[in-house]
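Chemist: Here's a structure for you.
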Amino acid sequence: MAVEPLRVLVTGAAGQIGYALVPMIARGVMLGANQPVILHMLDIPPAAEALNGVKMELVDAAFPLLKGVVATTDVAEACKGVNVAVMVGGFPRKEGMERKDVMPKNVSIYKSQASALEQYAAPNCKVLVVANPANTNALILKEFAPSIPEKNITCLTRLDHNRALGQISERLNAQVSDVKNVIIWGNHSSSQYPDVNPCTVKTGSGEKAVRELVADDAWLNGEFITTVQQRGAAIIKARKLSSALSAASSACDHIRDWVLGTPEGTWVSMGVYSDGSYNVPAGIIYSFPVTCKDGEWKIVQGLPIDEVSRQKMDATGAELVEEKALAYSCLT
């Protein structure tokens, strides 16, 4: 039996992240090596020519899994029948701008794209918001796409999760594939809390706690956390452009694990709609440790939370509650 192609929407597809992401999707990195895809690429009218150039390159690459490409500036056409939507398009924060300066623009973008997904997307469409402020953009999308189940609307904190794994693997000179179960709690912003308490590394003599192996609490509670929190800014400083390759790769990881499942005994970080687990405020999109099976994510329950973690989890939660209020004030 031939496998039916899945339709994958990428918004902001002519941009940096989009350009890194679409070949990964077309190669099967996101949905697996046996899953054909039809790419739907959306961008704004000033980017229409560049978008067409990306479409030409996708045709030229002759990807066996790529069964079609829709490149458009029309949001209704872009959303028609999509099974997965990766929302990369948004109004970027420029130098000297605060989060609150871009909020009104992003609220209006996500309100209109939510309405289009609500009307045209496939019934069980899975949505991943990448554009910043990602958690709050996802919350606005949830508000204006009421028929998409809330569990299907997520935001990207896998990039932060992967950054944390990378820092630990470098510090311990270990393979990154041997490091697991770090947690990103909260907002995809510099208030996020990268938590290594449950994190382990596979060694020659079994799995060991990262805290024990690193044996340097000052680094783990200090520089490690700030490096992960501020990694995006460090990349902008080095490249003069924001992280695109790593963002695209982690977006593929997020969707792949969500659709195909997480390995036994391993969890990942995803921004999901809070149900109040771990005394996190309900009604915001917050990053939790989750396991995935059969296309569904589930928050990992019962992890011990010490006092330091509690404070950091509360602080990032408070920032999200504040962002939510700011976003809602833009709607009136």
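Note that Cβ sites are derived from N, Cα and C of the backbone, with glycine treated the same way.
Quick caveat, the model's predicted, so the values are computed rather than measured.
Among the features that Swiss-Prot reports, active site, proton acceptor is placed at H188. Taken from Swiss-Prot, the feature NAD(+) binding site covers Q16, I17, D43, G90, Q113, N132, and the record attributes it to similarity to another entry. Residues annotated as oxaloacetate binding site in Swiss-Prot, with similarity to another entry given as evidence: R99, N132, R163, H188, S243.
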Chemist: Quick one: pull the CA-CA distance for H188 (active site, proton acceptor) versus R99 (oxaloacetate binding site), whole Å only.
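Modeler: Just about 12 Å between their Cα atoms.
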Chemist: Hey, how far is D43 (NAD(+) binding site) from S243 (oxaloacetate binding site), Cα to Cα, in Å?
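Modeler: Here the two Cα atoms are 19 Å apart.
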Chemist: List the binding-site residues among R99, R163, S243 whose C-alpha is within 10 Å of the C-alpha of I17 (NAD(+) binding site), in sequence order, or say none.
Modeler: S243
Chemist: Would you mind sorting out which of R99, R163, S243 (the binding-site residues) have a C-alpha within 10 A of the one on N132 (NAD(+) binding site)?
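Modeler: Checking each Cα against N132 (NAD(+) binding site), the hits are R99.
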Chemist: Looking at NAD(+) and its recorded binding residues Q16, I17, D43, G90, Q113, N132, figure out the farthest C-alpha pair and report it in angstrom, whole number.
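Modeler: Among the residues the record ties to NAD(+), max Cα distance equals 20 Å.
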Chemist: Quick check for the class: what is the C-alpha distance, in angstrom and rounded, between Q16 (NAD(+) binding site) and R163 (oxaloacetate binding site)?
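Modeler: Rounded to a whole number, the Cα-Cα distance is 19 Å.
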Chemist: In whole Å, note down how far the CA of G90 (NAD(+) binding site) lies from the CA of R163 (oxaloacetate binding site).
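Modeler: Spelling it out, the Cα of R163 (oxaloacetate binding site) and the Cα of G90 (NAD(+) binding site) are 23 Å apart.
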Chemist: Between the Cα atoms of G90 (NAD(+) binding site) and R99 (oxaloacetate binding site), find the distance and write it as a whole number of Å.
Modeler: 13
Chemist: Considering the binding-site residues Q16, Q113, S243, which residue's Cβ sits among the greatest number of other Cβ atoms within 10 Å?
Modeler: Q113
Chemist: Rounded to the nearest angstrom, how far is the Cα of Q113 (NAD(+) binding site) from the Cα of S243 (oxaloacetate binding site)?
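Modeler: Approximately 24 Å lies between the Cα of S243 (oxaloacetate binding site) and that of Q113 (NAD(+) binding site).
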Chemist: Just to verify a number: CA distance, Q113 (NAD(+) binding site) to R99 (oxaloacetate binding site), in angstrom, no decimals.
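Modeler: Checking the Cα atoms of Q113 (NAD(+) binding site) and R99 (oxaloacetate binding site) gives a distance of 20 Å.
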Chemist: Among the recorded positions listed here, R99, R163, H188, whose Cβ has the fewest other Cβ atoms inside 10 Å?
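Modeler: Lowest Cβ count within 10 Å among the recorded positions (R99, R163, H188) is R99.
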Chemist: At its widest, how many Å does the recorded oxaloacetate site span between Cα atoms of R99, N132, R163, H188, S243?
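Modeler: The widest Cα-Cα gap among those binding residues is 22 Å.
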